[in-house]
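Peer 1: Input: one structure, supplied below.
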């Protein structure tokens with residue numbers, strides 16, 4: 001009896017502990033919460049067999065990429081950047097944006113060849129980094145698609161207005177009036193909203209027709225681009241770059257960099273190459289080559305087009321909504337302006353259709369994983385698209401096009417892309433130094449490879465790719481450097497790499513802030529500016545050297561970014577530098593969007609995600625041995 005009485009007393013005390021500690025988070029609870037944020041998607045869920053025939057060559061992929069990149073930058077960004085940000089130096093802005101995007105594209109390609117599919121950034125982040133980070137990537141992509149669609153609809157309506165000699169613009173201003181509110185358009189663009197609603201209703205009704213229409217319009221657009229460049233050089237006036245018209249760089253260096261940050265989105269179309277890797281004959285070789293070539297061709301085309309644009313008419317007289325067509329109108333070639341406007345409408349229609357398909361794919365992927373509402377997970381059995389996703393987000397896109405200003409839209413767009421690729425460059429370095437990371441390459445394993453199981457810290461059993469048994473483990477100090485850097489070898493495995501990566505990102509942010517704001521916003525004295533510049537530069541280089549001193553994983557069955565950690569580190573540095581040149585209102589608006597996303601995740605996604613449903617049986621604690629003993633007594 002005394003033993004039974006004591007056991008009952010202990011059981012009662014243990015049952016009261018949760019009540020007494022209610023409201024005080026325990027260490028174990030915080031650990032479990034952090035584990036929830038970083039839980040990984042298993043490889044078995046993401047690896048899928050493809051029935052697509054591998055027939056695309058490097059030339060096919062290159063033409064596909066060039067056709068997709070031509071349109072948005074030419075008809076949407078070029079006029080806005082030339083008039084509002086850089087002037088004729090928009091040529092330099094496109095060049096800087098192309099260099100920055102090449103570094104980011106190499107990182108994206110490694111993701112894409114491991115995770116075939118259009119949503120590979122979201123998918124691979126879910127597998128390698130964790131759930132919260134994957135949600136943020138997906139949420140940013142959703143914003144990017146929304147803003148891109150709204151901006152393209154603005155340009156579509158602007159070029160149609162040019163064809164009708166600006167009668168639509170004049171009619172709306174006369175009957176609605178002009179707004180003078182930051183971030184809002186001068187007048188509501190009803191035509192742009194109507195275009196988006198029409199295309200959103202059309203796309204689900206005929207996916208095959210949409211694909212055929214997209215290809216036809218792409219071919220027309222390429223012919224129009226050649227027409228613009230040839231006739232533009234014939235009509236060029238070098239006087240338009242003279243000091244009398246404001247000079248070549250009227251907005252100085254800061255304007256050029258702001259223009260480069262805005263032009264960054266221009267080259268995002270290369271993602272269609274990665275998305276088509278499942279159909280490539282040799283994706284490990286042809287995908288990176290096609291990306292580099294198509295990026296170079298697209299950059300050359302944009303540089304030539306922006307050159308002829310600012311040489312045909314003074315940069316300050318451009319119409320941002322329809323710059324190329326309006327330039328021909330100003331020179332008296334109205335027939336050429338109509339042709340260019342028609343080509344712009346074809347190009348924008350192509351990109352709008354592709355944008356809506358990309359949007360519904362991302363919405364569907366996140367809904368299937370339980371991170372956003374399940375209503376978006378339903379796919380129409382005949383046309384195989386998420387009709388609800390297209391219609392709901394199409395309406396939201398139309399609302400943005402109705403109210404927001406084009407310049408505000410394109411800055412939002414570039415900010416989201418720069419942040420996404422900065423995160424992906426960081427993820428590449430995390431991946432390279434991980435011990436036995438998961439592989440989601442859908443292609444066949446290379447000869448001699450060995451697939452084995454790996455049990456990660458969250459309890460998931462995952463397949464691990466090829467690994468040389470004789471090579472040192474990734475994340476460990478290189479054998480050749482252990483005698484010189486032995487003090488780094490005493491740290492816990494992976495700790496040195498984690499600290500070095502954190503210091504690298506922090507020093508990159510500090511260095512860019514000093515370069516951008518050191519003289520203007522911070523008002524630093526010369527000695528303070530120099531000291532901060534030296535300290536941040538030294539810390540950046542030291543962290544880079546520490547990372548380079550550690551062993552990386554090597555894979556033969558997929559493309560890997562060359563010169564890691566240098567390539568992704570330079571990508572991070574340049575992307576942050578460009579982001580800091582965007583307006584403060586852009587930063588504020590994007591922060592609000594992220595807060596909305598985090599509210600959705602912590603209010604819905606964290607509880608309804610597939611990984612959470614899978615973990616529930618394991619997290620249900622069995623009855624304690626103490627309770628069993630009490631019952632037995």
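Easy rule for this one: first residue shown is 1, then count along the chain.
Backbone N, Cα and C atoms are what each Cβ position is placed from, and that goes for glycine too.
What TrEMBL says about a protein is an automatic prediction, not a curated fact.
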Peer 1: According to TrEMBL, which listed range is transmembrane segment: 58-78, 163-183, 436-456?
Peer 2: 58-78
Peer 1: As a test of reading the model: what is the averaged pLDDT for the domain 'Cationic amino acid transporter C-terminal' (559-609)?
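Peer 2: Value for the domain 'Cationic amino acid transporter C-terminal' (559-609), mean pLDDT as a whole number: 89.
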Peer 1: Do any residues of this chain, six or more beyond the ends of the transmembrane segment (561-580), have a C-beta under 8 angstroms from a C-beta of it, and if so which?
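Peer 2: Contacts of the transmembrane segment (561-580) (Cβ under 8 Å, skipping residues fewer than 6 from its ends): 96-97, 99-100, 103-104, 106-107, 109-110, 257, 260-261, 264, 414-415, 418-419, 421-422, 425-426, 428-429, 432, 504-505, 508-509, 511-513, 515-517, 540, 544, 547-548, 552.
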Peer 1: May I ask which of the stretches 58-78, 90-111, 132-153, 248-275 has the most CB pairs under 8 A with the transmembrane segment (586-606)?
Peer 2: 132-153
Peer 1: Which listed range (58-78, 90-111, 132-153, 287-313, 383-404) shows the maximal number of Cβ pairs under 8 Å with respect to the transmembrane segment (410-431)?
Peer 2: 132-153
Peer 1: By Cβ distance under 8 Å, which residues at least 6 away from the ends of the transmembrane segment (132-153) in the same chain are close to it?
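Peer 2: Cβ under 8 Å, 6 or more out: 37-38, 41, 72, 76, 119, 121-123, 125-126, 189, 192-193, 195-196, 265, 268, 348, 351-352, 355-356, 358-359, 362-363, 365-366, 371, 393-394, 396-398, 400-401, 404, 406, 409-410, 412-413, 416-417, 419-420, 423, 427, 590, 593-594, 597, 600-601, 605.
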Peer 1: Ranking 90-111, 248-275, 287-313 by the number of C-beta pairs under 8 Å to the transmembrane segment (58-78), which range is first?
Peer 2: 287-313
Peer 1: According to DSSP, how is the domain 'Cationic amino acid transporter C-terminal' (559-609) divided among helix, strand and coil residues?
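Peer 2: Final tally across the stretch: 39 helix, 0 strand, 12 coil.
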